[in-house]
Amino acid sequence: MSLTVWELATDFAIASALILFCKVIRVKITLFQKLYMPVAMMAGLLALALGHNGFNVLPLSEASYGGMLITVIFASLGLTTRFPKADVLVHRTGKLLAFNQIITISQWLFAIIVGGYVLQWVWPELPKAFGLVMPSGFMGGHGTAAAVGGTLAEQGWNDALSLALTTATFGVFLAVLGGLAIINIISRLGIVTHIRRFEELEAHFRKGLIPDEKRESIGVETVSSSSVNAFTLHIALVGAVVGCAYFLATFASSFSQFVSVPTFASAFVLGCLFRVVLKTSKADLHFDNKLLNMTAGSATDYLVFFGIASIKLSVLISFAAPFILLMVLGVVLCLFLTFVIAPKLFGDKWIETGLFSWGWMTGTVAMGILLLKIVDPKGKSTVMDDYAIAYLPGSIVDILIISLIPTLIMAGQINAVIAVLSAYLVILALVAYKLK
């Protein structure tokens, strides 16, 4: 559909107004603080209820912004990617990296088998890629859900986007409410004793308003404003990567109808290449990673909003039974990874790692941090620092998975994908056992 400039402006104006409104609600109403609901998610749910998929009160267009926003996010990620040294990665965080990869591969492999075979026995009309909506929404969050859903839509399954975004939304609730339930259970069992209650959390953490003495700079001015605004320079860099990625993906996909190169994957690759060029020419000194990360963060908030607002309730109703069963099986898998695999790998220190991992494997890293703050109130654990080191190598695998697997499954290569993921999972298990 064609979209005028003012329709675009109206969409973002409505999104911005609802985000501001929901921020006030989040600050003023304790219930929403106890649910730890992200403001963008609250705004998206409100837009879903009042938009064209609900009561049709808000004049939101039916344009899809997910593909563009996820490309901005991956472009920024590529521009800020720094790989840790090999010895630090192996000796300090090797076990956590292996566990993170086991979580990732297990979710995708499990979902492919369940969606491609198990659910097919009862609902033979389901697309073979049906199971992919679970890992793309759970461990991937709204960003990956938009990426995978968009790819599947390009391959002919238009309903995938709504299902994947619904999974991501459900995953956030699961991360928080499920995580709090787990903490309550292990506390009653006496496994942990020093639990931080909601009332004991810092006010700025509960309300999301940072006091003056705890505020940090979100970036530095790297160029003189007499020539160009520093933020403009950073947006221009991201915009250039996004534009080049679009043309590269379009060009690469034009050679065969069976090949579809995701724009977000091209954006990540080009972002990494741009970073190499900038570093080689020493121009990277004039770009600040914090500002680039702020660009990605803002794009993520709007992606969550527009993603949730675009969910088609009719699609959820038509796929209700298999979708609910897939969610239940996904929860069982995540519980298995948390309560069985984590203790085997980390021994007595599994609580912090397991709860943090529960947060990101079902919702987002922010949810994992929240749960970690509750079970580790004094901040003695090194899980966060170790995760930061192990994240980047793991993210390469994530990008390969979300770039290739949806297309391969839709092309009928499900058995080949299962074989490759199974082999990789066995290798990970052996490595984890060796590092134990």
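Using N, Cα and C of the backbone, Cβ positions are placed for all residues, glycine too.
What TrEMBL annotates here:
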TRANSMEM  6-23  transmembrane segment
TRANSMEM  35-51  transmembrane segment
TRANSMEM  63-81  transmembrane segment
TRANSMEM  102-123  transmembrane segment
TRANSMEM  160-187  transmembrane segment
TRANSMEM  231-252  transmembrane segment
TRANSMEM  258-278  transmembrane segment
TRANSMEM  323-343  transmembrane segment
TRANSMEM  355-375  transmembrane segment
TRANSMEM  387-409  transmembrane segment
TRANSMEM  416-435  transmembrane segment
Task = Return yes if the transmembrane segment (63-81) and the transmembrane segment (323-343) have at least 3 CB pairs under 8 Å (sequence gap of 6 or more), otherwise no.
result = no
Query = Any chance the transmembrane segment (355-375) and the transmembrane segment (6-23) have 3 or more Cβ pairs under 8 A, given the pairs are 6 or more apart in sequence?
reply = no
Inquiry  = Cβ under 8 Å, sequence separation of at least 6 from the ends of the transmembrane segment (231-252): give me the contacting residues as numbers and ranges.
reply    = 68, 71-72, 75-76, 78-79, 219, 222-223, 259, 261-267, 269-271, 274, 286-288, 291-292, 295
Ask   = So what's near the transmembrane segment (323-343) in sequence-distant terms, Cβ-Cβ under 8 Å and 6+ beyond its ends?
value = 99, 102-103, 106-107, 110-111, 114-115, 119, 130-131, 133-135, 138, 163, 166-167, 170, 174, 178, 182, 316, 350, 353-355, 357-358, 361-362
